[in-house]
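Novice: Structure in structure tokens, see below.
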Amino acid sequence: MNEADARPTNFIRQIIDEDLATGKHNSVHTRFPPEPNGYLHIGHAKSICLNFGIAQDYQGKCNLRFDDTNPVKEDVEYINSIQKDVQWLGFQWDGNVHYSSDYFDQLYQYAIELINKGLAYVDELSAEEIREYRGTLKEPGKNSPYRSRSVEENLALFEKMRAGGFEEGKACLRAKIDMASPFIVMRDPVLYRIKFAEHHQTGNKWCIYPMYDFTHCISDALENITHSLCTLEFQDNRRLYDWVLDNITIPCHPRQYEFSRLNLEYTVMSKRKLNQLVTENIVDGWDDPRMPTISGLRRRGYTAESIREFCQRIGVTKQDNNVEMASLEACIRDDLNENAPRAMAVIDPVRLVIENMPEGEEILTAPNHPNKPEMGTREVPFSREIYIDRADFKEEANRQYKRLVLGKEVRLRNAYVIKAERVEKDEQGEITTIYCTYDPQTLNKDPADGRKVKGVIHWVSIPHAIPAEIRLYDRLFSVPNPGAEEDFLSTINPESLVIRQGFVEASLKDAAIEKAYQFEREGYFCADKLSTADKLVFNRTVGLRDTWAKISKQG
């Protein structure tokens, strides 16, 4: 199989293959054009992987262009975070970063060209009146009383707009197309509006700003984009995209192709809703590990490789569909199962004393990965007092319980076989200490007399245990499609974050931020950005097994 055969295929790649085969294009040039008004989320990751991935596979180019035409909502903070996210995902844009604002002078001249051709006019209807005049899907729109202005009058009024001669909302530039069009987007769409706001790139040079539909197609053309890829909600906008380029003097005419957006269950993708979660302090910022933002996923412990794999698995189609959270989790679980070093952590600790073990410590050797000897080993201190997880002990249990039971044996991971002899309880009847004996001949081997010990549990030596805050993250919402609810905040999962105070083994003392580990028998975790030498904090990335099938049945 050659490299081309190994590439993922989809309808967009088939179009590109045909364009190259017929000579329509000699090379491929795509772009990723986010608006810098928020943090990127997993849906943007799909677009990033598509646009940059196509450029890579076809030895082409992909631009990063900020669609910065609304200075009121934009911020340099978002520009910086978006660049970081793209690079973290493993991609690099061609040349310098582009901005739609780079083209404001040309866009203004193209607007004048449309006015000169009688294809644009200055309208003084209010925004509400424009909506009323636009009509509905069943009723055609009505012409604005300002639609018949002369070219000369429109040129003068447009210049007045630019010079700040109108208040915000008192005038706009509209395309003159067809108020009876069956496509509402073609009913004289607004091309320019007035905003007295300082722009992060152009300062106070402009008080009129072009609309997305006017800016987007011209920016594509000026950058010689061959294939302009966007999500399905822009399907009708393609008519306006082509109309603008057909009616101005510009040599390049890119084509727009639409694909389905990513809808992930148990979360929301709307920037407005995500912003509400942040501003109402329901989450801890845009990078809260429960957020679907790339920065949130990164903080939770997702790797760039797992997100790229997820985007490849879900594919590119024209049909909208909901993707199960299990699909995303399967990608990170597969990645970390293969690559994450193992460690031991006790999340709900109970003290265990091995009465027949001498004082002091014994240094044991544990593999960093059971199937990858090349990942080496680590030293794990063992002593007569250890922590085990409270759920790993019962005074009485049936045969299905393969952990420690009073009067029975279990193996300690990478250590010895122990037997529970007795327990100590507090006044409330809560077990405070489990007293055991151990078989010193069973270090990583079966008992000499042939008796079978089936269960294995993890542990941490108390004298060497490091206190850690363990953050158990779950889905943020309790219903699969919270965005469809009348009040999406009413569906917040109250157990989306459970904090435990536990202990981790000594080797994790210097765990690097975002470094992934498998806490044996517990799941995959990473050190949080709030983790310090004095207070370790670990985030659960994902459990060891898929819990979504069970959740789906319950739902």
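Just so you know, glycine gets a Cβ as well, placed from its N, Cα and C.
Reproduced below are the annotations present in Swiss-Prot:
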- 34-44: motif ''HIGH' region' (MOTIF)
- 35-37, 41-47, Thr231, 261-262, 269-271: ATP binding site (BINDING)
- Asp67, Tyr212: L-glutamine binding site (BINDING)
- 268-272: motif ''KMSKS' region' (MOTIF)
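Context for these features, please: burial, neighbours, distances.
Specialist: With a threshold of 8 Å between CB atoms, the same-chain residues lying at least 6 positions outside the motif ''HIGH' region' (34-44) that come near it are 66-68, 70, 73-76, 78-79, 81-82, 85-86, 200, 261-264, 269, 271, 274-275, 286-287, 291-297, 307, 310, 328.
Cβ neighbours within 10 Å of Asn37 (ATP binding site), excluding its own Cβ and spanning all shown chains: 16. The DSSP secondary structure for Asn37 (ATP binding site) is coil.
For Asp67 (L-glutamine binding site), the count of additional Cβ atoms within 10 Å of its Cβ stands at 19 [all protein chains shown]. Annotation note: Asp67 (L-glutamine binding site) sits in a coil segment as assigned by DSSP.
Counting same-chain residues at least six beyond the ends of the motif ''KMSKS' region' (268-272), those with a Cβ under 8 angstroms from any Cβ of the stretch are 37-38, 41-43, 261-262, 292, 477, 482-483, 488.
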Novice: Using Cβ atoms only, which residues of the same chain lie under 8 Å from His44 (ATP binding site) while being at least 6 residues apart in sequence?
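Specialist: In sequence order, the residues whose Cβ lies under 8 Å from that of His44 (ATP binding site) (at least 6 apart) are Pro34, Asp85, Ile294.
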Novice: When you put Asp67 (L-glutamine binding site) at the centre and draw a 10 Å sphere around its Cα, which of the binding-site residues Glu35, Ile42, Lys46, Ser270 have their Cα inside it?
Specialist: Glu35
Novice: Determine, from DSSP, whether Lys46 (ATP binding site) sits in helix, strand or coil.
Specialist: helix
Novice: Would you kindly give the Cα-Cα distance separating Tyr212 (L-glutamine binding site) and Asn37 (ATP binding site), rounded to the nearest Å?
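Specialist: Each residue's Cα considered, Asn37 (ATP binding site) and Tyr212 (L-glutamine binding site) end up 14 Å apart.
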Novice: Give me the CA-CA distance between Ser270 (ATP binding site) and Tyr212 (L-glutamine binding site), in Å, as a whole number.
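Specialist: Cα-Cα distance, Ser270 (ATP binding site) to Tyr212 (L-glutamine binding site): 18 Å.
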Novice: Using Cα coordinates, what distance in whole Å links Ile42 (ATP binding site) and Tyr212 (L-glutamine binding site)?
Specialist: 22
Novice: On the 0 to 100 scale, where does the mean pLDDT of the motif ''HIGH' region' (34-44) fall?
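Specialist: Here the predicted model's pLDDT, averaged over the motif ''HIGH' region' (34-44), is 96.
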Novice: When DSSP states are folded down to helix, strand and coil, where does Thr231 (ATP binding site) land?
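Specialist: DSSP call for Thr231 (ATP binding site): strand.
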